[in-house]
């Protein structure tokens, strides 16, 4: 889960890291109250989860409450790269002398954590690494030992931080690691980490991503979810313990196992190229226990998407045998009818693996005109795409 800048700033502040005083506003009047509380010159920043705010006019320096209200009025509702601005963060300004960069992240490619540090902050770190790689230090972090003072000092020294800020940077590096671990983050990035004219260090920006799989350890993280941006179908699926991601397509996908579902997305996309460009409408993994109730919940979620014109149910029987899955599909359609959910869109079902023949016989015996059984994955994808194209 990616946080807004103001949420990252608040998280840093809770962990004792030095940030600018400020607040977040959703209306011009709230912006006025914050500006009056802070006093003097402030900066008004659009809160969107995308870069390029400054160039788009989403960052403004203001003097006094009236100008802050005017600029907040301009920014709220602004569209920045397809993201509508609903909130602005207002902070005091800082007299910046130098800008540095510091981050911790989960390095999935190398299965470790990584610290990236540079004295060339305030710009895209990837650009810095490409143009002047000697200015960027990348240090793998052992999860068992973490970042203590000695490790932090080694990184700070290697990155070439000036002597006058070295001790402060070491302290921030240790505290930032503690925050990274405590919050189960996959990224904490400070760009810039600024040296002020007075010689102190401030975290002027906050980019934070949290591991949603660790949400059970962090009930407070629920408050960080941007409810306005949550897809209602994804939320409904989450409440039913289903792994669902909405996509932009017409063929609903239900499968058991993430790998199989990913492969199903591919074959449907390929088949769709021959049928008007139809595409997968979702990712939905019902897991290993495809009971009637689970299948009914899955079908209900998929069919709640009005863009779906056909559904491809792709199941490979393993621990859960295909005959159990077939019974689940038949019973699921009956359950949906009982719930008042009139199912009218066709289901293309492919069963393979454990007890596949028995499962196919159950589907054939159901005599449900909505169920079309196809025994190969490619053939089923072709049929589902064809039906979706015909129903568009």
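Indices start at 1 and increase along the chain as displayed.
Every residue gets a Cβ built from N, Cα and C, even glycine.
Model confidence over the domain 'ATP-grasp' (9-236) stands at 94, taken as the mean pLDDT rounded to a whole number. The domain 'ATP-grasp' annotation in Swiss-Prot covers 9-236.
Other C-beta atoms found within 10 angstroms of the C-beta of residue 53 (ATP binding site) number 20, with every protein chain shown included. If you look up Swiss-Prot, you'll see 45, 52, 53, 54, 94, 99 marked as ATP binding site.
The DSSP secondary structure for residue 205 (Mg(2+) binding site) is coil. Packing around residue 205 (Mg(2+) binding site) is summarised by its Cβ count: 21 other Cβ atoms lie within 10 angstroms of its Cβ, all protein chains included. Residues annotated as Mg(2+) binding site in Swiss-Prot: 191, 205.
If you look up Swiss-Prot, you'll see 256, 318, 319, 320 marked as substrate binding site, on the strength of sequence analysis. Every protein chain shown contributes to the tally, and the Cβ of residue 319 (substrate binding site) ends up with 9 other Cβ atoms within 10 Å.
Geometry remark: residue 99 (ATP binding site) versus residue 205 (Mg(2+) binding site), CA distance 11 Å. Between the farthest pair of Cα atoms in the substrate binding residues (256, 318, 319, 320), the distance is 11 Å. The secondary structure of residue 99 (ATP binding site), as reduced to three states from DSSP, is extended strand. When secondary structure is read from DSSP and collapsed to three states, residue 318 (substrate binding site) falls in the coil class.
When other Cβ atoms within 10 Å of the Cβ of residue 99 (ATP binding site) are tallied across all protein chains shown, the result is 18.
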